[in-house]
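**Student:** Under the heading active site, proton acceptor, TrEMBL lists His134. Summarising the annotation, TrEMBL assigns substrate binding site to Gly67. Annotation comment: TrEMBL describes His143 as acetyl-CoA binding site. What TrEMBL records for 2-79 is domain 'PglD N-terminal'. Look at TrEMBL and you will find Asp135 tagged as site 'Increases basicity of active site His'.
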Amino acid sequence: MKVIILGDGGHSRVIQEIIISKKENQIIAMLDDKYEQKFKVKGIIYAPIPFLVRLLGPNIRVVVAIGSNQIRKKIVKQLNLPSEYYLSVIHPTAVISSTSRVGNGTVIMPNAVVNAGAEIGMHSIINTGAIVEHDNRLGDYTHVSPNATLTGNVSTGEGVHIGSSTTVIPGIHLGKWSVVGAGSTVIEHIPAYSKAVGCPTRIIERILIK
Ligand SMILES: CC(=O)SCCNC(=O)CCNC(=O)[C@H](O)C(C)(C)COP(=O)(O)OP(=O)(O)OC[C@H]1O[C@@H](n2cnc3c(N)ncnc32)[C@H](O)[C@@H]1OP(=O)(O)O
């Protein structure tokens, strides 16, 4: 599979390593607006994101490798590609239940677990060592940070960011575009567009965006 990666920062480097660890994959381009013009290194094209239209074709897949949920969504909306173009990237050490579903464009990092019946939307990040337990329903553009644990039947709206090492108890809903701080314990539903921190969480901000 020929793969084009959008975004060339730290998050992208982890994704690049996962992609090239599979012999059948070949990264053909790294696109990032920090590159003002096209150049080539070791056969890989480096160019700004609008260059993508010149590269698309059969057998090409795209990954938006940008850590910010908002920026990932903005780029996906601007590109307006059919969802089949987007590759799901799953590290070989991740444990993914055969009864779970992972949306196109979602990346699952080393040692993450996605358990029975869980459903993860498109363009999400299940980061290193994160646990998404049985029957979770996670919206598009979600980020579950390293070592966070979503216990059974947790659900999230679109764009939710769960900080590193946070635990969410069973059956909790995190409203769309909410943010939960690192190391928190969530024992109550979190309203949409809110920022919550602590053990148990307290709301510290209503995020006035979107
Ligand atoms: C591979 C990777 O790196 S993936 C990236 C993973 N990233 C993360 O896990 C980061 C998660 N982000 C956080 O925890 C951040 O602190 C946020 C988003 C919750 C808050 O950030 P900000 O909006 O900048 O909040 P700010 O730093 O101003 O803090 C506001 C208040 O919340 C408190 N606070 C902030 N974060 C936390 C936290 N994680 N736990 C407890 N309290 C916190 C602050 O002490 C402060 O309290 P005060 O008003 O009583 O002084």
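The backbone N, Cα and C atoms fix where each Cβ goes, and this holds for glycine too.
These figures come from a predicted structure and were not determined experimentally.
Can you walk me through where each of these features ends up in the structure?
**Tutor:** The Cβ of His134 (active site, proton acceptor) has Ser97, Asn115, Ala116, Gly117, Ala118, Gly152, Asn153 as same-chain neighbours under 8 Å, each 6 or more residues away in sequence.
In the three-state DSSP scheme, Gly67 (substrate binding site) falls into the coil class. A C-beta separation below 8 Å, combined with a sequence spacing of at least six in one chain, links Gly67 (substrate binding site) to Gly9, Gly10, His11, Ile125, His143.
DSSP assigns His143 (acetyl-CoA binding site) to a strand segment in the three-state reduction.
Look at Asp135 (site 'Increases basicity of active site His'): DSSP puts it in coil. The C-beta environment of Asp135 (site 'Increases basicity of active site His'), restricted to residues of the same chain at least 6 apart in sequence and closer than 8 Å, consists of Ala116, Gly117, Ala118, Gly152, Asn153.
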**Student:** For His143 (acetyl-CoA binding site), just count the other CB atoms lying within 10 A of its CB, please.
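**Tutor:** Taking every protein chain into account, the count is 25.
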